[in-house]
Each structure stands twice: as structure tokens, then as C-alpha cells.
Amino acid sequence: MRNPHLDKAKGLLIFLVVLGHCLERFIGWIDPNSALLSFIYSFHMPAFIFVSGLLFKKHKLFEKILFFTVLAVLFQILYFCFESFWQHTQNWLNWVIKPYWILWYLWGMVAWSLITPLLMKTHYPLLIAIFASLGIGLSPFNNYLFSIGRIFVFLPFFVAGALYGKSFLHYMENTKYSLWIAAASIIISITLLALLRPNPYWLYGSLSYQQLQIDAVHGVLTRLWLLMIASCGIIASLAYASKFPDILRSMGENTLAIYLLHGFFIMILTKLITFSSTNWMLNLVFCLVISILLCVILKARFLSRSIQYIAMHITQFLLKLMQYFYTRFL
């Protein structure tokens, strides 16, 4: 049975994903847009990943990992072909070693689903995940390749969701202080963010400290600070979710299609539309309208079901193929 509280939270988060991409592509990281983008990017994917961890189950683990791998490869090909046709760019190497734009999350799901059960066997899974998140920035290689940086930077949120997500959600559904908790978390998050004023690249979680041109000590402290900001954002987004409008519930029930398909529409719109107005508020309203329309259109249940149907059939075919080769040659 679906949890309406959780679905509304997912609906809010997927809307913020789409809005963040619209703001970034149409307006960019310029003031005052940078402040709004920084706030959105500081927690929207950590919260989305926390919820993914909350929903994580080890049942049929290999099948789930293969399913996300199929989705990632399928949409990597689709986005490559689409960009090659629409923007006339062809760089096969980049597409092999770098997940395209929004698709890093799918590879993250593959990695987190593999890593989390192993961490669960230790005494301190969340602590180890936090050390991995802080430590990946110390690595000498390009953290952007294969989304290795993002996978480890955001690992603690998936592990935290898997460990404590259900109990945290249950508490928030039943406490009478949810509004106060949400308000306090937002205030703390905004305050910490205003004090730090991070470079946008920090919020992506995709680069090492060396790539960010900062020493190891300051790099670790900055990333730890951002983990705290994201944690406040997660608390805020889940604390008061039950009071969100019902339209977010239907969006939260169909996040897969919204997440995977909105990128195509944003690419088309940014190619066709150029902002001539210097009025930030007008541009913001435009991005809000576009984001709402995309979410309302793409939340259609048949879209998510169609994607799941295709990916699951490919997954089942690959499982049967593996089983055949295993019994035939091993």
C-alpha cells in the first residue's frame, strides 16, 4: 500500500528537480537566481536519495540492480541520439565515461544498491558512508568520471534512508510538532547556506577537492557543512509533507517518467527559447509555469508504466540469457 505522506514528499522533490533544471538552463547561476538555485540544489537530490534509501529492499536485489542498469544504458543511448540530432554534437567517449546529465542518479542507484547491503553488515554503516563521502574528495582522479564523486558524496543519504527512513517518516506523520520542525529546519538550512555561500560545483557533488581548487582540510569541512545543510533540508521536506496539495501525491506516484523524460523537453525549450527580459521575477514565473506543466503532463501513469514495462522486459530477457549461459557452460 502506498504512503500518501511519502508520495507528496516525492512529488515536491521531483518538482524541485525539474524547477532546478529549468532555472539552471534558462537563467543560470546569476544573482538573485543563484540564491534560489543554491537552496534547491543543497537538498533536493539528497532528499530524493534519502527517500530512495527508505524504499530500498534487498529482495530480488540482483534483478533491481539489473533493472536500473538497463534504464541507465537505455536512456544514455536515447539522450545521446537526441542530443546528436538536436544539437549536432557527437562525442562518443564522453558518453561512455560520463553518465549524461540527469542519468547519474540511475548509476547511483546501481552502486548504492550494491554498497548498502555490505555496509549493513558492519557495526557503523552510516559512519562509514559519511567517511566515504568526505574521503572521495581526497582522491587524485577525476571524480566526474562514471559519476564516482556523486555516488560516494550522496551515499550517506541513501544509507540513512535505508536505516532510519521508515521510523523517521512514522514519527513525522504522528507528531504535532511537524510544522515547527519543518520551519526550524528551513531556517537552519538557509542560515548555514548563507554563511557558506558555496560555489555551485560543491552542490553537484561531482568534483574532488583538487578539482575544486581547495586544500584537503577545508574541502572536508566544506563537504561536512553541506551534509548538515542537506540533512536539514531532508527533515524539512519530509516533516510537513502530509499538508502538501494532493497534486503532489499523483506526481510522487509517477516520479520515474518525470525524472527521465523532462530532460528532453528542457533541451528542446532551451534551444527554441532565449530570454530577452532582464526581469528576474518574470523569468522565474516562466520557469515555474514550465516546470508545473512538465510535471503535470509527465505524471501520466501510462508513461511510468510504459518505461517500467520496457525496462522490466529487457531485464527479464537478460536474466534468462544469463541463466541459460550459466546452466549451459558452467
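Backbone N, Cα and C define each Cβ position, glycine as well.
Owing to the predicted nature of the structure, the values given are computational and were not obtained by experimental measurement.
Per TrEMBL, the features are as follows:
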DOMAIN    6-298  domain 'Acyltransferase 3'
TRANSMEM  12-30  transmembrane segment
TRANSMEM  36-56  transmembrane segment
TRANSMEM  65-86  transmembrane segment
TRANSMEM  124-141  transmembrane segment
TRANSMEM  147-165  transmembrane segment
TRANSMEM  177-196  transmembrane segment
TRANSMEM  216-242  transmembrane segment
TRANSMEM  254-274  transmembrane segment
TRANSMEM  280-300  transmembrane segment
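With a cut-off of 8 Å between Cβ atoms, the residues of this chain six or more beyond the transmembrane segment (216-242) that come close are 4-6, 8-9, 12-13, 42-44, 46-47, 50-51, 130, 133-134, 137-138, 153, 156-157, 168-169, 172-173, 178-179, 181-183, 185-186, 188-189, 192-193, 196, 198, 202-203, 209.
Within the chain, the transmembrane segment (147-165) has long-range Cβ neighbours (under 8 A, six or more residues past its boundaries) at 45-47, 49-56, 98-99, 104, 107-108, 111-112, 115-116, 119-120, 125-126, 129-130, 132-133, 135-137, 141, 204-208, 223, 227, 230, 234.
Taking pairs at least six residues apart, the transmembrane segment (12-30) and the transmembrane segment (177-196) share fewer than three Cβ pairs below 8 Å and do not count as touching. The transmembrane segment (65-86) is not in contact with the transmembrane segment (280-300), judged by fewer than 3 CB-CB distances under 8 Å for residue pairs 6 or more apart in sequence. Regional average pLDDT for the domain 'Acyltransferase 3' (6-298) in the model is 92. Ranked by number of Cβ pairs under 8 Å to the transmembrane segment (36-56), the listed stretches 177-196, 254-274, 280-300 are led by 177-196. The list of residues near the transmembrane segment (280-300) in space but at least 6 beyond its ends in sequence, with Cβ under 8 angstroms from a Cβ of it, reads 14-15, 18-19, 22-23, 26-27, 32-33, 36, 247, 250-251, 253-254, 257-258, 261-262, 265-266, 269.
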